[in-house]
């Protein structure tokens, strides 16, 4: 027998209220109260079925991805999470079970990242599932995109390109069939569930001259950061950190290297820092368990970054950035 | 000759950056910085084509409605606007001209309500146009839903039911054809463009025990406020303020009175206050130019509010609240 679907009030009280922050007033008011304090960092990002994830992805993963892409922005600005607001536009075929799983995923990440729910809005939509999240953070210092200076090192966290290759695997591209099982699983997982690098937020706040998260491809996002800073850069492709799985894919199909450097959804941190900060950043990275790899150097000029290959040739990317727009 | 459509970067730099607050960093970063200070009031509401407005509504009106429904929540909490974040999910057929008009409407209201843009997200959607806004406000005191006490007066701002009747007119219901031109225009305008009652925010902050905005119908929203307060209320239907246009509609079709009391989109303020606050509230209302009308009294008990007719009979509403969900 089919369970009656939640009313909007039931949905809020039973499904989302358990996630509420103290200032969220039990999600029973029109607005919420954020704690007083220093400047607040705010960011917002939406994910839409068929654009940012597959409609039949597990609901817990959709919820976690929606929150994590916002947490990744906070991390890049050197901020610690304070909380978030959730706007959920549900297509006609939602079920109670789907919502329970969605909320369970959200609750797990809200707890793990100390980022409780402050409120939101639920509505019907004749279109695809749309999850819009606004996240709040605190930072003693906001790390801008615009602070990179010639001579600064360029660094990235984790590994680059896994998610773009994972999307290819999810779409059943030929290379994926030739990958080992472990590699395919790794790449798919990296596409489906970003890892916001909050463990590095404090190090960025203390040492980075500029930072952003890599969400639309390393080449394009570095170009954006440099444009905001009024600078250029030299990057050595061989130093860009690739996972074992990505190396396996590139060995099968060398053209995939370009996709790794330009594809979206990495959610790694890209930052610049003066050479004097190299040692403390390396120390912080080791302490946090997240690698931070030096890939190049900021240069004077206004050109997009030059990516230098093993042969010394500069690679140019036809489409340096991924766009959902 | 068709103008080339904006790239995402152009759209942000040319269309939305002119609306940016100082802390919005020219919309050229991943996040924004809200000024330090007291507690921050946050609220979020989305509007979707085909659900909250007609897809062919003028873009400037859609933008203003999207912002104003959030400003209405701030007003109800006694808060002054600080700024907002905008998430815009655009269907495939958007044009530069549409976006320019949308931004012009948003800019006009952002200026008039002193509520600048702090950032946002633009994305494509295979579904309908979806505008999700998060608004920030400051209030020396947050006016909750939960503070109403037996003996408090129940008051509403402006007039009730115009928007629900305006929606009927927009849908071409028979009564609309019999209305005078001025009445029809008034009701349609009230549906299309909410008037956030920020002029009363300070008075609510100083005097109201509880408040919310009336967005889903007076009867249902009052029931929500009373539920949060653990109280009941007696309301005299004859005291509920109706516009001349709404009176004209109800005279044509008496059944429309129930729609006025239960239909959505009023965006008026509903508040409770001790009798000692009646005089200062009346004074504040007169000074602001927005009427504040006493319609009943809070009572002990847990029942939904009783709406008393001229005959002394209690009206019961089959569906006391409008829901987009």
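Every residue number used here counts from 1 along the chain in the order it is shown.
Glycine too: its Cβ is placed from the backbone N, Cα and C atoms.
Automated prediction, rather than curation, is the source of TrEMBL annotations.
Cross-referencing B:73, B:93, B:101, B:109 against the Mg(2+) 4 binding annotation in TrEMBL, which names B:30, B:43, picks out B:73. The binding-site residues listed here (B:30, B:44, B:45, B:73, B:121, B:265) include B:73, B:265 as those with a Cα within 10 A of the Cα of residue B:215 (ATP binding site). Among the binding-site residues listed (B:30, B:73, B:120, B:216, B:265), B:73 has its Cα nearest to the Cα of residue B:44 (Mg(2+) 1 binding site). For the binding site of ATP, formed by B:120, B:121, B:145, B:215 according to the record, the largest Cα to Cα distance is 31 Å, rounded to a whole number.
Neighbour density for residue B:52 (substrate binding site): within 10 A of its CB lie 21 other CB atoms from the protein chains shown. Its Cβ placed at the centre, residue B:145 (ATP binding site) has 24 other Cβ atoms within 10 Å.
In sequence order, B:45 are the binding-site residues among B:45, B:216, B:265 whose C-beta falls under 8 Å from a C-beta of chain A.
The CA atom of residue B:30 (Mg(2+) 3 binding site) is located 9 Å away from the CA atom of residue B:120 (ATP binding site).
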